[in-house]
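> So TrEMBL has the following annotated:
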type	residues	note
BINDING	Lys131, Gln194, Gly225, Asp256, Lys400	UTP binding site
BINDING	His226	substrate binding site
REGION	1-28	region 'Disordered'
Amino acid sequence: MENKGQLFKSWIRSHQRTPSGSRDFKEATKRDALARLEVELEKLISTAPETRRPQLEKEFKGFKTLFSRFLAEQGPSVTWEKIEKLPEGAVIDYNSLSTPTTDNVHHMLDKLVVVKLNGGLGTSMGCKGPKSVIQVRNDLTFLDLTVQQIEHLNKTYKCNVPLVLMNSFNTDEDTQKVIRKYKGLKLDIHTFNQSCHPRINRESLLPIAQNGDVQDDIESWYPPGHGDFYESFHNSGLLQKFINEGRTYCFISNIDNLGATVDLNILSLLLNPDPLRPVPEFVMEVTDKTRADVKGGTLIQYEDKLRLLEIAQVPKERVDDFKSVSQFKFFNTNNLWAKLDAVQRVVDQGSLNMEIIVNNKHLSDGINVIQLETAVGAAMKCFEGGIGVNVPRSRFLPVKKTSDLLLVMSNLYSLSHGSLVMSSQRMFASTPLVKLGDNHFAKVKEYLNRFATIPDLIELDHLTVSGDVTFGRGVSLKGTVIIIANHGDRIDIPSGAILENKIVSGNLRILDH
């Protein structure tokens, strides 16, 4: 077995850019890897709870396809020289879109389904359970805000836009409990689960799970990224249900992007397309790239189609070009619009071939595993008539860290029917750049304990806080503020303090007398 481990180790290395060894040898090891995987997957199905087996068979079918493609792929998935300049009209400026008349909106919304990607946990912010149940403002969670938005839409326009949550096996049970509280509202909520795939040992390329009962050993399984949306949505039966109801488009976004509200101008563009252009089956909302977004996926023209280019697909020597704001002006917000019958077609045809993201993980028991994942936006090249819409930055307001939470909890925004609206007192359209030190601010509970009240950020450009720092009540931060408490020091910013273009360092304790 030792030799097999070495053999696969060298093979994985070769998968990551450097071809080596004879082709015949590699072909034989790949065939061997696939055959052995199939045997193991059969074992997992046979040991799964009876009720779960049919579903597991469907999910494993998708996993085998992913795994075979992983074995077959060599090096970067794009040839840099083949990237073309974006054609005229490939990206439409949001400001050029027309606003539909109120009497049309009701009929337009009857054609729409809203999908939120709800598979993630709140662990990176130190929270248990689904990320969507973290409180972000006025004691309301991501899920509460989403529900308020859609309910407001339904009441205002007397329609019935359904909300669909794509959960994972990590978030489903908790989400089901939470959505019961929305029973009395004017809103239909549907849920389905994305697939559950086995984590693969990096040395042997075999599943580490001992049996097919996921709950028995949850660390041996993973949800395979949001690119799994199309097949899982199709398999759930919901796609067919909505097509039968006469709905034509779905709007897909991350549940932690508080800017991803239903946009009537984009919906109108889809439902009243330019007769001289192909019907847009896929729309990606992009926004202008700033230096803070250089790692985000961008839109390129490649082999006569628009497609998403992620940093993982870029050859090492081209990463600086990829990050260049002048060469690639836009980045993907992951707010996407897709035509329902086109989703059905690409899944039925089996023509979804999204780039595989190989995610290396190190588990608590010391095992190195790989997760094969795909991204939902990467499917763009599989659809016809794809376009980008360059939207205002306000449609991209993700909360990934407590530094993002500070912005959305502050007076920079007010809340209107579940949507965040930037304050008219803010002189610039951009949000401040905030960096809070990981050691003292990364977890939501720690972060909340460090602010007596959230500071006034209306005139803030840039805030960096590092070390053991606390903020009193009614603090105001303006311009560029840098607060650094060195190891062993502590800084208490006193209540009512106004810091404008200041650097604070050293030790500052204010104790009650």
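Every residue, even glycine, has its Cβ placed from backbone N, Cα and C.
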> Across all chains shown, how many C-beta atoms besides its own are within 10 angstroms of the C-beta of Gly225 (UTP binding site)?
23
> To which of the binding-site residues Lys131, His226, Lys400 does the lowest count of other Cβ atoms within 10 Å belong?
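Counting other Cβ atoms within 10 Å of each of the binding-site residues Lys131, His226, Lys400, the minimum falls on Lys400.
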> Per the record, UTP is bound by Lys131, Gln194, Gly225, Asp256, Lys400: how many Å separate the farthest pair of Cα atoms?
21
> Is it possible to get the count of other C-beta atoms within 10 angstroms of the C-beta of Gln194 (UTP binding site)?
28
> What Cα-Cα separation, expressed in whole Å, is found between Gln194 (UTP binding site) and His226 (substrate binding site)?
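Here the two Cα atoms are 8 Å apart.
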> Suppose we draw a 10 Å sphere around the Cβ of Asp256 (UTP binding site). How many other Cβ atoms does it contain, all chains included?
22
